[in-house]
Structure formats: C-alpha cells, structure tokens
Amino acid sequence: MDIYEPIFLEISCPPRMINVQNHMQTSAISQTKMEFFETMPSSKTILTAATSLTASVILFRSIASDLMTEQLQLFFSSRFQKLSNRLSSQLIVVIEESEGLASNQMFDAVNVYLGTKVNAWTQRIKVNKPDEDEELVVTVDRYQEVTDYYENVKFTWIMKSRGIKQSEKNTNPKTELLYFELSFHKKQKEMALKSYLPYILERAKEIKEEKRVVRLHTVDYNGTDYWSSVVLNHPATFDTMAMEPEMKKELIEDLDMFVSRKDYYRRVGKAWKRGYLLYGPPGTGKSSLGAAMANYLKFDVYDLDLREVQCNSDLRRLLIGSSNRSILVIEDIDCNVGLQNRENDNDTTEDDKITLSGLLNFIDGLWSSCGDERIIVFTTNHKDR
C-alpha cells in the first residue's frame, strides 16, 4: 500500500465545514426576518386601516339598510335567525299567557313555581301583599332570567311581553301578551315535555293549596282582564248559618259528593259543574249561604252582575276568564232586564245584548264545559219568575 494513499476518504465533510455551513444558513434566515420586519407597516398604519375598514362596513350596512325594502330586511333577518337556530344546541319552548279566549294554565303554574326559585342572584322580582294574607306573594319580573335544575338538567326561564296584534284584538281584550321562554339542550326535549313541565303543574297546584285564600271577583273591563278581585273576608260558615239541620247536612253532603266525582262526570260525558237556586225573601241569608259554600270548599267567588255585561260575546269571555274550582253567583236573576221572555230573543241579533238563550248556553251549553269543578248559584226573591 502506498504511504501517500489518503486514509480519510469516507468523511464527506469535516466538522469545521459543517459549522461554517450552519452559520451561513442562520445568517441568511436572520437577514430575511430583518427584511420582513423592516417592510411591515407601522402599528399606526394598521390601526388607521382597521378604522377605515370598520367605517366602510358601517357605511355599507347603512346604505344597504336604506336601499333594501323592509320585506327584504326581514327576509335576511329570518334567514340569519334560522341559520343561528340550526347551529344552536338549545331548544326554546314558548308558553303564552293565553290562547285566544282561554287562559293558559301552564303559564299560571310556571309563574307560581318560579316565585319559589328566587335566590341571591335574582335581580328583579315582583311582590304583592293581598288583603288578609299573612305572607308576601313573590313572582319574577319581566326579562329576569331564572335558572332551574331538574334531575341534574339545567333549564333557563325568562318572562317576556309583546303587544297584541290588530288581528288578535277581537279575540283578546288585553293590550299586551306575556309569555315565558324556556330554553334547554335539544336532547332533553322528551324529558322536558313529559316530566319537567308536568312536575311544575303538580308543584304549582300544591303551592296554591298551601297558600290558598278565597277571593271575590267582580266584572271590571280594565283593558287587560275582565275580572278584578279582592280577598273574600266574609265570616259566614256552615257553623254560623241558621238553617234546618237536615237541609244543612244534605247541602254539605251534596258539595262533598260533587268535588269527589271527577271520574263520574268524565264517564257520563257531562261538564263538571253543579247548579243551585237559592230563593226567599230579602235578608234571609241567600248571599251569606253562597259565601259559606265558598269558605267550606275554598273556592273563589265570581260575582256576575249582568247589568255590567254588554252582550253575549262578553258573557262567554267572562266564563272563559273564570278559574276552575270556583263559584259563579248571579243574584236576583229575575230582575235582570231582557231575560224574562226567551221568545223575544229573535227580535235582535245575538251580540247586540244579553239574551236568555245566551245565558242558558253560558250555564248549560257547550261553553259551560270550558272549565272544571265549577258551581253556579242563582238567587231570587221570587222563584215563580
């Protein structure tokens, strides 16, 4: 072997050469970064450009708003809302205060139930102190969000309001409509409808029974309702009423049988109601007996003065607006003008005034089935009329 033969031919690049190459690459990258930052605009220039872009967007939206018709704006708004709803995991259930003429029992139950969910985080509540009530009645105010948990599932409530549309004013005497929005995860829909809401109905019923005070309602066209009420502070009871013992016992047994026969009325296909005619000279206790019945059953009393009712349509609204478990009292039924002769009903249109036919339909026709557990009491000084 020749002594001059190279012995390091397998080494392709000496370490010194590698270091030099790496140094050259690092220098090149640094130079590129410096050139990049030197060519970037200043922060002032970027801020000016952003401000200009924002102003352009606002101007574009303003011009678009001016140029687009209201229908076109509503179209794009509804499209955007639908897209947002599709992307959202939340489901919203709307519970309105009433449906046409009928009040919504679910709305009333929610209002009572949420009053018990007020906590330290609640910012707006409504407080009412009815006469003779020992406790304050607390409910949530409009646009106050309330969070409730049921079986470890979160439910969010909020009460809102909207004005009554012109087309709805013929069927709803109110100027605005209140409603609750219930929001929760879409996957809990079945549980919310079949378990949570029925639970609220039952719980609200229990709360009402615990705090129940008999109230006296009277006709009052106040723009939002047909009835206004006060606490019925009448001292009459069956213990204080001067009645024949047998008649008193018979009446109490009849009332007990009535409230316990819900299934019977359903089975025979009759409205769950009961009627009484109380007659006798003035001052013999007819009105007091009605109050004693209300105190015994804990039923609200609706005092219907037919002279305050303008037509049969208003009469129907009054019936729909009264609650279940109530006593409707019509005093001196024989003294109301226009009710003596049923044959005269055809002399005028049905909605021009109250007619005897309208009254009979009100207490015994189809409209009488719009409610449960109701008692109707007529009083008269002359039963032969």
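Using the three backbone atoms N, Cα and C, a Cβ is placed for every residue, glycine included.
These figures come from a predicted structure and were not determined experimentally.
According to TrEMBL:
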- 70-159: domain 'AAA-type ATPase N-terminal' (DOMAIN)
- 276-384: domain 'ATPase AAA-type core' (DOMAIN)
Secondary structure content of the domain 'ATPase AAA-type core' (276-384), with strand meaning DSSP E or B: 50 helix, 20 strand, 39 coil
Mean of pLDDT values spanning the domain 'ATPase AAA-type core' (276-384): 81
